[in-house]
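Peer 1: Quick paste of what Swiss-Prot says about this protein:
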- 1-21: transmembrane segment (TRANSMEM)
- 46-66: transmembrane segment (TRANSMEM)
- 91-111: transmembrane segment (TRANSMEM)
- 117-137: transmembrane segment (TRANSMEM)
- 150-170: transmembrane segment (TRANSMEM)
- 193-213: transmembrane segment (TRANSMEM)
- 226-246: transmembrane segment (TRANSMEM)
- 260-280: transmembrane segment (TRANSMEM)
Amino acid sequence: MLLLQIVVLALIQGITEVLPLSSTGHLALLPLLTPWPSPTTWPDQGVALDVAVHLGTLGAVALYFWRDEAAMIGGCLRLLKGKRDPGARLAFLVVLGTLPAVATVLLLAHFAGPIASPGLATIGWTTLGFGLLLGVIDRLCMTVKRVEHMGGIDCLLIGLAQCLALLPGVSRTGVAMTAARLLGYERVESARFSMLLSIPAIAGAATLVGLDLARVGQSAMAPAALIAAVTAFLAAFLAVAAMMAWLRRHGFGPFVAYRVLLGAALLALAYLGPDLAPFLVS
């Protein structure tokens, strides 16, 4: 891959992995809007770059929420000494919220086998539909709860909602934030818990892809992987910081509007044909 392609892919995946957007939608649209050397020959990023981007994004989220992570680690250590601690409770919630997605992935891997690549129309409809759902719920639902108020039922419901992200175009962070807002959690708290849930989710994805890398071996990709990891780290960190700052004073409106536009673009390409791509980039 060209250096510019690596940077563009890392930027897109780093940003869309943490924002309530659709990484699948962007990656589906990318080959049509950036014809290097032609829309039909956009290269596969490869396993090594996939691992690198996941690790870069994971590092960004872990760095931004280091206080929560320190509290969870310290709380678990104090719990081992017989002392109850809010940090240990938060760690329990993160583990509990992750279990539905883990169970779903294992069940699908065992019973369903490989899943066919989705079409543009599917990605477009899910990007658009779940974006509108986030907008409606964000506007209509209460804003009273914090993560400290979260019980096991709410946590499991948010975790179950994450399973919908297995549908391409849904966005894991987006659907988790939507579920949290539906349950009455503050915007910042919804984003915060979604980001904490993303740590085991991204780590798990990186581990699975890393196992593939260990089997096939791509050591020659080390310089490119380093560039991808650093780019994804910077993009994800800035994206998380900007989102959290925005949500302290505003709602999810800009993210909803962007998803509607992205979904509309994907649907236009799906139903009117890729011949529209030159008009979108001109």
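Even glycines carry a Cβ here, placed using N, Cα and C.
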Peer 1: How about the transmembrane segment (46-66) and the transmembrane segment (1-21): at least 3 CB pairs under 8 Å, pairs 6 or more apart in sequence, or not?
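Peer 2: Answer yes: the transmembrane segment (46-66) meets the transmembrane segment (1-21) with 3 or more Cβ pairs below 8 Å.
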Peer 1: Spell out yes or no: are there three or more C-beta pairs under 8 angstroms between the transmembrane segment (193-213) and the transmembrane segment (117-137), with each pair 6 or more apart in sequence?
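Peer 2: Judged by the Cβ rule, the two regions do not touch, with the required three close pairs absent.
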Peer 1: Between the stretches 1-21, 91-111, 117-137, 150-170, which one has more Cβ pairs under 8 Å with the transmembrane segment (226-246) than any other?
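Peer 2: By the under-8 Å Cβ criterion, the transmembrane segment (226-246) pairs most with 1-21.
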Peer 1: Mind checking which residues of the chain, 6+ beyond the ends of the transmembrane segment (117-137), have their Cβ under 8 Å from one of its Cβ atoms?
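Peer 2: Same-chain contacts beyond the ends: 20, 22, 24-25, 28, 164, 167-171, 174-175, 177-178, 181-182, 252-253, 255-256, 258-260, 262-267, 269-271.
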